[in-house]
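Here is the structure we will look at.
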C-alpha cells in the first residue's frame, strides 16, 4: 500500500501561526498560504493514487504536518478567540471532514458569533482591542472562503453511505429542526472551512493498515488534546481567581483522619505503678474548709480564650527541635536532683492577674445549720421492739381457729383402745414349673400314630450336574511359563530377582455334614469329665517364712517393753451381778446326709432319664414317614444351551486374546530400576558437590582470616605539633655595679 513519505519529529512542531498577532493592517492575501500548501499536498496524493474526482482522504489531517494544539501566553483579559480556535482544532481531530453533523453546525455558529465574557473585566481597553481583533478575523475568514472554494461537480455515491452511530443519535436529537436550517448550517461551515471542505465521496472499502509513524502521530495528537484541555481548565480557574471572592465553591474534600488512642475500661481497674502516679500535693485541710460554697452563684462569663486548632501533625521532628543542643544524661540527672519540685514553688501573682478573673456577686445570706452527714451513716434498725412482737402474736392468735374432733364412743366402753389388726395374708400356693421340653414331649406323644405305616418306594430326581458338566474329573493344572536362561557362562551366575507367581485365591468350599441314616439311632457324644487338680503356688513357703519372722519379731518387742501395773476399780458390793447360766439343749439325733448318697441318686436319675430318651428316639427312627411328592408338580428339566462368546471359544476364535510377553515386562522393570539408580546417583553427586562447595568456602574464609591476622600493618607516622620558638619579651639586663668599694664615699 503506497504511502506518502512524511517526516515527523518527537518534539512538538514550532511552525505555527499565532492568530492573535494578526492585525487588519497586515497583508490579508498571504494569510492563507499555509493552508493552501497543505491542500496542494493532499491533492497531489490523490492524483498519485489515480483518483480523478476531488476526494477528501480519511487520514489527510493525520498525515499532514499540522499543528493541532498550541500554547499561548497568559493574559489577564478573557481571550474568547483563543478558546474558539482551540475548540475548532479539537473538533477537527475528533470528527472527519466528510462527516457533517449538528456538532459542526454548532461550531460554525460559535465561530461566527463573538462570545460574551461571563464576568466583567476591569481593563476596558483590553476588551476593546479583543473585539477589534475578532472583527478582523471574521472578515479574513469570509474572504478566504470566497477565494478558495472551487466549483466541483457532486458525484453520485455508488453505494448507500453508512452513517455512524453517533451521527444517528445526534440526528434523532435534532429531528425537530427543519431541513432548511441544516442546509444553511452546512453552507456556513463550508465557507468557514475554506479549501478543506470538499464534496463527500464514499471511500473505498479497504482495510487501512497504519504504520508506526501514523500511530506515533495519533499518539502525539492525543497528547496535544490533553494539553489543550488542561490549558482550558487553568484559564477557567484563573478567571475565578481574578474575579475575587464570590459564592463559595463546594468541594468534596475528604476529612483528614485523626488518630485516636484506644481507651479500654480495664485500664482503669488496674492499679498504677507508684512511679506513674500523680505527684502528691500537700494541702492544708483547715484552709480548705468553707472555701467553696455549697451552691456557687453563676457568674458572668469572661472573654473567650483563644486556643489553637488541634490539627493532625506528622511525627517527624521540626528543624527547631532537631537543632536543640545536646545535653548529656549525667547533666540531666544532676539538674533533676538540684531542681526544687513544683509542689514547693509558690504561685506567681502576676500570672494569676493576667488570667480573666470570674466576677463573683456577693449576696448576703442568713445563717443556716450545716448539712451534717452523720445521721445518714446510721444503720437501719432490724431488731423488733416488744410492742411489735406482741402485735404480731396477737394477729396470729386471731387468725388461729380451733376445730374440735368427733367423740370416739370406744372411750366410754371397757377395755383399752388398741390399734386395728392388719389382715392376714393367705399362704403361698406352690406352682409347678412350665418347661418347654415337657410341652414338646407331650406334642410328640400326641402326634404318634398307634399303627405303623407300610414302607413305600419313591424315586428321586436325576442330578443335573451330570448333564451340565463333567463330574469326577479333576481340573487341569496351569503349568508356569518357562524362564529362559542364557547359555553365556558369565550370565549364568548372575543373581536374578525371584519371580513370585500370583496365587489365585481359591474359593472356600463349605462342606455340609453327611445326612445320617434314618434307621441308625442318634447317640450324643458326652465330653469326658476332667477334674482340675489344685496345685500350691510356688511362693506359699515364702509367705509362711515371712509370717514366722513377723511373729518372732513381735515377741521380741513385747519382751523388751516393761509392763505397767494398772489397778482395777473397786467393785460395788451393793448388788451382785452374776452372769446368766447357759443351759445347753439336748442333742437331737439326725440321720447322716452324705454327698456320695446325693451324687449317686442324681446319677441314677439322670441315667434313667437318658435311657428313656434313647428308647423314644429309637421308636421315632423305626417309624418311617415319607415326604410329600413334589416332583410331579414341577416343570421338567430342560438343559440350557450355553452362550459363549467367540473370544472364549477355544476353537475357531476370531478375536485374539491379549497377552503380555515376559521380555516386555522385564524390559519395563529394568527401565524403572535404571531410572531409580540414575536418580540415586544424581542425588549422591549433588550431595558431594554441596559438601565440596562448603569445604571450599570454609577454606577461603580460613585463608582470609589467616591473612588478616598474619599480615603486618604498620602504624602511620605520628604528626606532632611543630615547636614554635618564641622570642623573649623581657628587656635586656642592664649591668649595675655592686659598689663594694668604699673609696668614693
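Each residue, glycine too, has its Cβ placed from N, Cα and C.
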Among 128, 135, 598, residue with annotation N6-acetyllysine (source: Swiss-Prot): 128
In Swiss-Prot, the member of 375, 396, 619 to which N6-acetyllysine is assigned: 375
Residue 737 (phosphoserine): tally of other CB atoms within 10 A of its CB: 6
Residue 477 (SUMO2 cross-link) CB neighbourhood, other CB atoms within 10 A: 6
Residue pair residue 737 (phosphoserine), residue 340 (phosphothreonine) - Cα distance, angstrom, rounded: 70
Assigned conformation of residue 375 (N6-acetyllysine) - DSSP reduced to three states: helix
Separation of alpha carbons, residue 375 (N6-acetyllysine) and residue 369 (phosphothreonine) (Å): 14
Proximal residue to residue 640 (SUMO2 cross-link) among recorded positions 312, 340, 375, 477, 739 (C-alpha distance): 477
